[in-house]
Amino acid sequence: MTLLQVSELRLTFGGLVAIDGLSFSVNEAEIVSVIGPNGAGKTSAFNCVTGFYKPTGGTITFEGTSLLGMRPSAVAGVGISRTFQNLRLFGELSVLDNVRAGSHLWLKQSVFDALLHTPRYRRSERECTDEANHWLDFVGLRGDRYSAARNLPYGEQRRVEIARALARKPRLLLLDEPAAGLNHTEKAEMLDLIRRIRDLGIAIVLIEHDMGLVMQVSERIVVLNFGKEIADGRPEEVRRDPAVIEAYLGSDAHA
Amino acid sequence: MNETTKAPEAPRKIGAQRPQTRLSKLFDNRWVGLVGLLIALLVPFVNASNYTMSIMTTAAVFVMLASGLNIVVGFTGLLDLGYAAFFAVGAYTSGILATRFDLPLVATVPAVIVVTVIAGVIIGAPTLRLRSDYLAIVTLGFGEIIRITANNLPVTGGPSGIYGIPGLTDSPVSLYFVTVVIVAIAVIGASRLGRSRLGRAMRFVREDEDAAEATGVHTYRVKLAAYIAGAVWGGLAGVLFAGQVSAISPNSFTFLYSATVLMAVVLGGMGSVPGVVLGAIIISLLPELLRDAADYRFFIFGVLLIIVMIVRPQGLWPARSKEALK
Amino acid sequence: MTQLVWNGLFVGSFYALVALGYSMVYGIIKLLNFAHGDLYMLGAFSGFAVLSALGGVSAAMTLPVLMAVLLLTMVSTGLAGVVLERVAYRPLRGAPRLSLLITAVGASFAIEYGMRAATGPDPRVYPVRLSGTSIEVFGARLTLQQLALIGVALVLMVGLNLLVTRTREGRAMRAIALDPRTSALMGIDVNAVISRTFFLGSALAGAAGVMAGAYYGKIDFLMGFLIGLKAFTAAVIGGIGNIPGTMLGGLVLGLLESFGTYWLGGEWRDVFAFGVLILFLTVRPTGLLGERVTERV
């Protein structure tokens with residue numbers, strides 16, 4: 001049942017402690033939010049899980065396999081996808097190509113297939129394009145799929161990034177502030193999208209500042225403050241937790 | 001553009017969704033390439049003097065070099081300033097084997113491929129982990145190391161090099177035809193590589209290494225693969241060169257030569273196969289047309305590099321994002 | 001043995017002087033100024049032009065005249081560096097790294113072959129030749145001129161270090177190196193500071209060019225290519241962007257080369273230097289003193 005298990009995670013930069021003993025777990029097809037004030041170590045935790053940072057201590061396992069020491073592409077290989085806080089699309093490439101990147105790991109095609117244009121090459125290219133189109137439809141992209149990704153409006157770029165992550169066919173999706181910079185309607189659509197992704201059987205870990213969204217969509221919430229975990233529970237429990245109210249929701253208790 | 005969200009059946013300009021669209025696109029690409037190839041093959045019927053054949057063969061070899069460097073610089077975004085090193089490794093390997101063991105040039109090709117792959121790994125493996133700008137200087141250093149080594153070793157004939165390398169064919173015209181066909185195959189190969197899973201991964205690396213890693217691209221391996229592909233293209237171009245000139249010396253493989261190939265790639269359009277072919281033809285034939293300006297040739301190259309980068313970084317025939325991956 | 005050390009230190013101080021400009025420019029705008037070695041060549045030629053215009057120089061006046069020429073050359077090379085930045089690099093600030101690097105390669109070609117077009121391909125003989133009495137120190141033979149040149153190089157380097165660490169201007173440079181946008185918000189005129197950085201770095205390279213011309217006696221339009229590479233190597237050995245590190249790197253490279261040449265023979269000298277560069281980049285890419293820089297950030 002448990003998909004991702006993070007235990008006693010520690011991360012220090014020189015003398016600065018970014019994460020101090022963080023533990024949480026994610027079950028299959030569950031939506032878990034990680035919240036906390038800026039600088040609490042949320043994105044650092046994502047970077048540890050996905051192999052971009054090497055944790056100083058602790059363990060991270062995915063379906064029982066340790067992820068420590070894996071490079072990010074290997075972490076992607078075990079079935080974890082992510083998005084970035086500040087959009088990291090391949091700006092000069094077309095929207096479709098961006099999403100086709102997601103198929104890199106499962107696409108069966110050798111260099112010789114490509115050089116000789118074998119039937120296998122044609123088949124796999126078609127499969128990869130179909131898959132990309134499927135996910136663009138799924139996230140509801142509006143706009144041209146053939147123009148450079150950087151030409152899309154911001155909200156659409158967010159969708160493309162999620163489509164790219166989904167085309168990887170992950171079991172777990174890490175979303176880093178997917179609603180940041182979106183307007184009210186777009187936020188509602190994002191909420192719906194996150195739920196539809198979960199309905200596909202994909203577990204989601206969400207970093208998000210919009211409390212409304214977090215409370216509505218999450219099954220569990222982990223609260224971080226100064227690199228430490230101060231609460232972990234269902235939304236209504238977290239909302240009532242005095243430590244959380246003091247550290248984070250204090251000024252915004254109605255959220 | 002029209003909304004494609006709710007109409008997946010709408011014609012996809014580059015998608016492989018509908019067979020007709022895909023075929024016509026293929027035809028489009030082939031058409032441009034075929035006309036170019038046809039023109040190249042018709043040249044000897046217009047003028048078959050030894051001189052014309054010689055500069056045209058040289059231009060064809062140059063096209064092959066540029067299409068190989070384009071894999072490294074254009075597709076993957078790694079600046080290689082020592083590309084002539086692979087050209088040299090190919091030419092020397094083939095020249096030494098052919099003269100020492102009395103082999104026909106064609107028989108040296110497997111050995112050349114093996115040696116250039118090894119050279120690509122030796123040069124690439126330690127350097128490709130570095131930041132991209134360090135890589136430029138290190139490749140330049142390697143280019144110089146290869147040239148100076150060839151200059152100092154007895155087996156490479158020292159400064160006078162290797163002579164008496166057998167030709168690929170016996171007449172300049174037939175050599176030209178053979179060269180053009182081989183180069184055309186190499187160019188098509190580079191273009192197909194660019195439109196494959198690996199070629200896409202190279203572009204992802206160029207655009208954003210972290211994002212590429214996150215989508216599962218082992219960036220180091222992809223860079224190494226690009227580097228090796230570039231090495232093989234350069235090495236095979238070296239075989240053609242050795243067969244054409246029959247005598248090679250370290251002076252053929254200077255930094256100046258590497259920079260000239262780079263100029264062709266940049267001028268034509270980094271990452272664009274037709275652009276790079278065009279750039280290579282311009283760069284190799286222009287000096288023939290502007291003989292009077294010979295003294296200013298590299299000065300003009302330098303200024304042109306700056307101007308292209310400031311005014312038109314995408315080159316003369318840019319790689320369009322929609323064309324990039326068929 | 002002592003002779004090898006001495007030769008190494010002497011050549012190393014040239015490398016250090018050129019490497020400093022490389023390092024400063026890299027530190028401030030993260031650009032490998034590929035044309036930096038060519039500014040050294042430009043310095044040698046402008047020194048040549050000034051000396052030729054002066055006509056003959058009497059032997060007694062060699063050093064003072066040389067100092068004056070040095071100063072003049074530093075100003076003109078410095079200005080050339082400023083123009084280079086203005087014309088070729090500034091329009092591309094914020095462009096992808098690849099574009100900037102290619103531009104720098106283009107600039108290098110333009111300067112080298114522009115000079116070739118202007119003065120011809122043949123090497124020029126420097127009108128001043130430093131050849132003087134040699135003295136013996138710890139078994140090594142060295143000339144007073146060599147000592148003087150090292151002295152000048154040292155003064156320039158120490159002066160630069162003081163400028164960067166002790167003055168307002170230096171503080172502005174370091175601020176831009178850390179974060180150009182915030183520096184601009186804090187009221188620093190980023191363009192002006194970058195211009196002045198180019199001026200300083202290029203002036204140092206120009207000084208090294210004149211000194212090399214006067215010492216070796218011969219200059220040509222390609223003389224900057226190799227020294228540019230060596231200077232980059234020196235900067236990497238010491239830790240690029242780090243001023244004391246770069247000076248150290250220059251001296252270390254000079255010594256390594258001096259000993260390497262002794263063991264392997266002169267024809268392998270450059271191969272040895274590049275081998276050291278590649279080794280350093282793979283084993284310790286931050287250089288000898290590079291760590292300090294990362295800690296500061």
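For all residues, glycine too, the Cβ spot is worked out from N, Cα and C.
Residues annotated as transmembrane segment in TrEMBL: C:6-27 (among others).
Under the heading transmembrane segment, TrEMBL lists C:39-59 (among others).
For the transmembrane segment (C:65-84), same-chain residues at least 6 beyond its ends with a Cβ under 8 Å from one of its own Cβ atoms are 21, 35, 39, 42-43, 46-47, 50-51, 54, 57, 107, 111, 128, 130, 152, 195, 198-207, 209-211, 214. According to TrEMBL, the transmembrane segment annotation covers C:65-84 (among others).
Sequence annotations record features per position, and here TrEMBL assigns transmembrane segment to C:96-115 (among others).
Under the heading transmembrane segment, TrEMBL lists C:144-164 (among others).
Among the features that TrEMBL reports, transmembrane segment is placed at C:193-215 (among others).
The transmembrane segment annotation in TrEMBL covers C:221-240 (among others).
Annotated transmembrane segment per TrEMBL: C:247-265 (among others), in sequence order.
Per TrEMBL, transmembrane segment is recorded for C:271-290 (among others).
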### Query
So which of C:144-164, C:221-240, C:247-265 is most in touch with the transmembrane segment (C:96-115), counting Cβ pairs under 8 Å?
C:221-240
### Query
How about the transmembrane segment (C:247-265) and the transmembrane segment (C:193-215): do they have 3 or more C-beta pairs under 8 A, pairs 6 or more apart in sequence?
no
### Query
Can you say which of C:6-27, C:144-164, C:221-240 has the most Cβ pairs under 8 Å with the transmembrane segment (C:193-215)?
C:6-27
## Note on the structure
Per the Cβ under 8 Å criterion, with at least 6 residues separating them from its ends, the transmembrane segment (C:221-240) contacts 12, 14-16, 18-19, 21-23, 26-27, 32, 34-42, 44-45, 108, 111-113, 115-116, 119, 121, 208-209, 212, 246-250, 252-253, 270, 273-274, 276-277, 280-281, 285-293
